[in-house]
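According to TrEMBL, the protein has these features:
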- 55-76: transmembrane segment (TRANSMEM)
- 96-118: transmembrane segment (TRANSMEM)
- 130-149: transmembrane segment (TRANSMEM)
- 155-182: transmembrane segment (TRANSMEM)
- 203-225: transmembrane segment (TRANSMEM)
- 245-268: transmembrane segment (TRANSMEM)
- 288-312: transmembrane segment (TRANSMEM)
- 324-346: transmembrane segment (TRANSMEM)
- 353-372: transmembrane segment (TRANSMEM)
- 392-410: transmembrane segment (TRANSMEM)
Amino acid sequence: MNEYPGEYVKKQYIENEITPGREETGAEIISNWLSEKFFMGLTPKEYLKTLITPLNFVAGIIIAVGMFLIFQRFLFGLETITEASNEQPWGLFLSWGLFSGVPFSASGFIIGTAVYIFGLKKYQPIVKNAILLGFLGYLFAVIFLMIDLGRPWRIYYPMFISFGTASVMFLVAWHVALYLSVQFLEFSPSTLAWLGWKNVRKIAVSMTLALTIFGVMLSTLHQSALSAMFLLAPGKLHPLWYTSYLPWLAFISSIGGAIALVIVVTRLTQVFLNDRADSHYLSNLDDITIGLGRAAAFVLFTYVGLRLISVIHEGSWKYLNTPFGYWFLVEILILGIVPFLFLHGVQKKNVRLVQYSAALTMLGIIMNRFNISLIAFNWKLPERGLFFWKEVLVVMAVVTIEILVYRWVVNRMPVLRQHPDYIGDEH
């Protein structure tokens, strides 16, 4: 899915040649700036040619189909792309985009805290990537929410019109909005370095520590609040997943999920975007991966222990010998085995095992969030349709757009590399 020619990728920044003795016109200055910043040093025509690849063609088809369905949704209503009802109020949009996506979006909060608050400079090479992943995760969670809301134009109501301070959803709405803003500001030094706005960047860098501390407070609360809303429905959520420990389990699993996401994505950047990374990033990845694997093992041991305690505390063992019980055991087996795999990989310095364990962790956490929000929710209904096939196409399109946006940013901004003007800068 390359969007740049092979002869260009070795150059991070293009210096336009100016003919001696002639000053550039205003139009030339703008044209050269656009060429350098947006078109990778190429003319628009040359740049468009680089986009014609088989993978981009497939991505274009997926996005076109998804956008057609999204337009249908906003023109003719939700019933055109979803079969949600009063009994089954949501489907794939929220289960995937919000309940499953937000835990992984804690990547910026986790790595940012490690680097900027606890001073673990070992993880500095990946902090910008982690913050970008967190920002995009929250941004696209809001996009999924906008698609699923019956009246999306009123999404700002909790912030300015209706202050439902007794509502868990009021808490979630405020925290997601605030944390999305925090992540944007935390990533802004990379954007401002790319734009060449040095003075504005100094201001953004000076706010990093305060933003990180504020982000910790927000993330701690809303990660738990997102699952706390299910405490309001004890009769609807299956007893094997319903527990008073839900907020704690959600928060702890989000830490494990965020670490797993960072491990997986750093590996993918190593394979597919290594020409956009510098030696400072690439040479430290193995050591960073082992360190993250050690942290993930500790977090997931804690999660699984608390998960088993919650089942005992709620007296839900009697449901294990049922179809839902068997499915629960599959989930707990996946999340129960990964901390041991992480630990073994760390002890043997087996980077590849740690990376596979991270991918398995992501699968287990997605399964857990789907079980809570969709599969084990309203489990007593005689007939249930979990989601409509059109929802799958929309989700595929939005996820494809998210991947393309991530690639676009990494190709241009100093995310996996240091900016030439800020070598050694930690931001």
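First residue shown is number 1, and so on along the chain.
Backbone N, Cα and C atoms are what each Cβ position is placed from, and that goes for glycine too.
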Counting only pairs 6 or more apart in sequence, are there at least 3 Cβ pairs under 8 Å between the transmembrane segment (55-76) and the transmembrane segment (324-346)? no
Other than its close neighbours in sequence, what residues sit by the transmembrane segment (392-410), given a CB gap under 8 Å and a spacing of at least six beyond its ends? 1, 3, 59, 62-63, 65-67, 69-70, 73, 81, 92-93, 96-97, 129, 132-133, 136, 140, 143-144, 147, 269, 273, 276, 416
State the residues, same chain only, that lie 6 or more residues beyond the ends of the transmembrane segment (324-346) and have a CB under 8 A from a CB inside it; answer 'none' if no residue qualifies. 238, 240-241, 290, 293-294, 296-298, 300-301, 303-304, 307-308, 352-354, 356-358, 360-361, 363-365, 367-368, 371, 375-376, 379
By Cβ distance under 8 Å, which residues at least 6 away from the ends of the transmembrane segment (96-118) in the same chain are close to it? 124, 126-127, 130-138, 140-141, 143-145, 147-148, 176, 179, 183, 186-187, 208-209, 212-213, 215-216, 219, 222-223, 226, 250, 253-255, 257-262, 362, 365-366, 369-370, 372-373, 395, 398, 426
Best-contacting stretch, by C-beta pairs under 8 Å, relative to the transmembrane segment (203-225) and drawn from 155-182, 245-268, 288-312: 155-182
Cβ-Cβ under 8 Å with the transmembrane segment (288-312): same-chain residues at least 6 beyond its ends: 122-123, 125-126, 240, 243-245, 248-249, 252-253, 255-256, 259-260, 262-263, 266-267, 332, 335-336, 338-340, 342-343, 345-346, 349, 351, 354-355, 357-358, 361
Which residues, given as numbers and ranges, are at least 6 beyond the ends of the transmembrane segment (245-268) yet have a Cβ under 8 Å from it? 102-107, 109-111, 126, 129-130, 133-134, 219-220, 223-228, 230-231, 285, 288-289, 292-293, 295-296, 299-300, 302-303, 306-307, 309-310, 313, 354-355, 357-359, 361-362, 365, 368, 372
